[in-house]
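Peer 1: I have a structure here, written as structure tokens, and I will follow up with some questions on it.
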Ligand code: HEM
Ligand code: HEM
Ligand SMILES: [Fe+2]
């Protein structure tokens with residue numbers, strides 16, 4: 001790097017750039033939070049959905065599956081599983097695990113009650129109705 | 001030196017006989033247990049990686065004893081924790097030397113080490129010994145539910161422990177810097193470490209609203225790896241390069257500032273590349289694509305930086321292995337973060353690749369190339385000194401360099417095979433008029449998963465040789481010194 005470009009110039013660009021873009025990021029974050037009520041399906045955030053999210057988290061579903069494309073890549077996307085499979089299939093599936101099919105990837109048995117299964121399905125339904133700009137590209141997720 | 005300092009350093013875990021002659025400040029010796037723990041946890045991480053890699057193709061391997069999600073938590077959390085041990089060791093070594101004084105409190109550093117190690121070990125034991133839901137209950141997750149989110153699976157109490165450990169560490173280093181010489185290297189290191197701690201606080205925010213949850217989750221994950229961690233990485237690399245090349249500090253520090261300026265100018269708004277499809281407004285596709293497309297630049301500058309400094313070296317440092325790791329970091333960070341990041345960062349591409357094996361390919365090479373390698377660079381440079389010599393024997397260095405090539409080339413192979421698997425997945429499951437179901441598409445990628453696992457075994461052998469290299473004896477060759 002040329003000698004006329006000094007260390008203190010570089011330092012000033014660093015501080016100036018960091019502060020400017022951090023503030024811009026905060027502004028965009030603020031704008032996003034203002035826009036979210038129309039997109040994030042919060043009208044359907046019921047007590048049941050909240051309980052369902054807690055079950056989702058305390059069974060660490062994200063350790064195998066993706067949800068809106070984030071998580072692990074070992075098992076199918078679940079952001080749209082409500083549309084792909086429907087509520088009854090989802091509950092029967094969870095109850096029926098593990099399949100025990102030799103060599104096939106296995107999902108644990110979580111011993112959920114019928115009430116808990118309904119909560120979980122409510123959470124998946126709520127998730128599936130978030131406006132994701134048309135992602136995933138098709139029903140297979 | 002205070003008596004308490006001496007007491008700590010005289011413990012059996014402390015310095016070997018002549019270390020004091022190699023260390024500028026005796027208290028730098030506290031870095032040693034941190035580095036040893038880092039390497040041990042790295043080993044554990046890879047064991048669980050291999051377990052998962054096998055589960056990808058033999059689905060019921062170790063089921064139900066170790067379900068995939070448990071292995072994954074162990075793999076990724078060990079990764080994060082060993083990197084944190086590495087950063088902390090680096091901080092304890094680098095800050096006294098830059099500040100030209102002893103560490104504020106070596107005793108506190110040792111206590112912090114044990115607290116962190118025990119908390120980390122207990123958490124991993126918890127993952128492996130009881131179902132996750134039981135762990136959540138035992139640790140009273142309901143008081144402040146933070147568990148069950150990727151990378152942030154730790155029980156809330158562990159998260160609190162991490163914050164306390166970070167505070168103790170930052171207090172210790174900040175006091176050292178404040179009363180000593182202030183250099184750009186130490187300043188950037190401290191900014192990065194404080195940023196790491198501050199952004200971690202967002203892990204305690206877990207709203208029911210999934211979109212907000214995801215939005216601020218990235219404040220931890222993205223603003224770490226594509227933000228403040230790059231400052232830490234830059235400072236560590238700069239420190240080692242100054243030492244091994246003897247290039248004028250002014251030059252090195254100018255590079256450092258330019259690199260981290262580009263990091264934050266691109267990387268903060270670049271967070272938007274995670275806000276395309278999670279319920280956030282569509283304008284993020286523009287902000288995210290444009291700014292994250294610039295993110296490879298600081299990584300490319302790290303490549304130029306390391307090669308430039310080594311080419312302009314004013315001395316031949318006897319530690320050739322450390323120089324190799326430094327150059328390797330420059331190259332691999334650019335490949336993993338810069339090239340593989342760019343590959344899927346533009347919104348139209350990401351629409352198809354989001355959450356596929358391509359993401360895993362990038363995640364692996366980026367974490368290895370940038371953060372694993374920079375920590376090993378630091379260990380490679382400091383460990384001989386912590387053990388009382390300027391550099392390791394020729395034989396030990398040779399073995400270390402063999403391990404460098406095995407691990408690095410294995411990681412290149414892992415990345416390429418996962419990229420191929422990702423390509424299969426995207427084309428079969430995401431494209432065309434009759435897309436395949438997930439599990440069917442996975443079967444079509446099985447060959448690549450086997451090849452990934454084989455590459456993983458090579459990586460494991462490389463790591464084993466790396467560890468063995470610490471035990472190779474022989475005369476240190478300091479002739480070139
Ligand atoms: C023997 C070598 C390794 C094998 C076989 C392996 C295997 C795996 C597997 C199967 C996953 C889970 C992917 C999924 O969610 O479906 C994973 C995740 C991950 N591994 Fe490894 N791994 C290895 C080494 C490493 C190394 C050396 C690093 C970093 C230094 C690393 C960092 C990660 C990260 C960051 C993730 C999460 C990726 C994401 O969320 O996209 N792994 N690994
Ligand atoms: C050393 C720096 C970096 C590290 C350690 C890193 C690591 C990761 C990891 C682990 C993930 C997966 C997160 C998850 O599990 O959901 C990820 C995702 C991603 N990274 Fe990076 N990354 C780095 C730099 C970059 C850069 C510079 C770019 C862009 C040029 C980039 C672009 C992306 C994108 C677009 C995704 C989302 C992939 C998806 O939609 O599934 N990354 N990164
Ligand atoms: Fe990112």
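Backbone N, Cα and C define each Cβ position, glycine as well.
No curator has checked TrEMBL annotations; they are predicted automatically.
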Peer 1: Looking at B:132-152, B:363-383, which one does TrEMBL call transmembrane segment?
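Peer 2: When B:132-152, B:363-383 are checked in TrEMBL, transmembrane segment belongs to B:363-383.
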Peer 1: Can at least 3 Cβ pairs under 8 A be found between the transmembrane segment (B:284-310) and the transmembrane segment (B:217-242), with each pair 6 or more apart in sequence?
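Peer 2: Yes; at least 3 Cβ pairs under 8 Å.
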Peer 1: Give the nonlocal contacts of the transmembrane segment (B:404-428) in its own chain as ranges (CB under 8 Å, at least six residues past its ends).
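Peer 2: Sequence-remote neighbours of the transmembrane segment (B:404-428) are 321, 324-325, 328, 332, 335-336, 340, 352-353, 356-362, 364-365, 368-369, 373, 435-436, 440-442, 444-445, 448-449, 451-452, 455-456, 458-459, 461-463, 465-466.
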Peer 1: Given the transmembrane segment (B:322-343), which of the listed stretches B:185-205, B:217-242, B:254-278, B:363-383, B:448-472 has the most Cβ pairs that are under 8 Å apart from it?
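Peer 2: That would be B:363-383.
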Peer 1: Among the recorded stretches B:34-58, B:185-205, B:217-242, B:363-383, which has the greatest number of Cβ pairs closer than 8 Å to the transmembrane segment (B:448-472)?
Peer 2: B:34-58
Peer 1: Let me check one thing: do the transmembrane segment (B:78-96) and the transmembrane segment (B:363-383) come into contact, meaning three or more Cβ pairs under 8 Å with sequence separation of at least 6?
Peer 2: yes
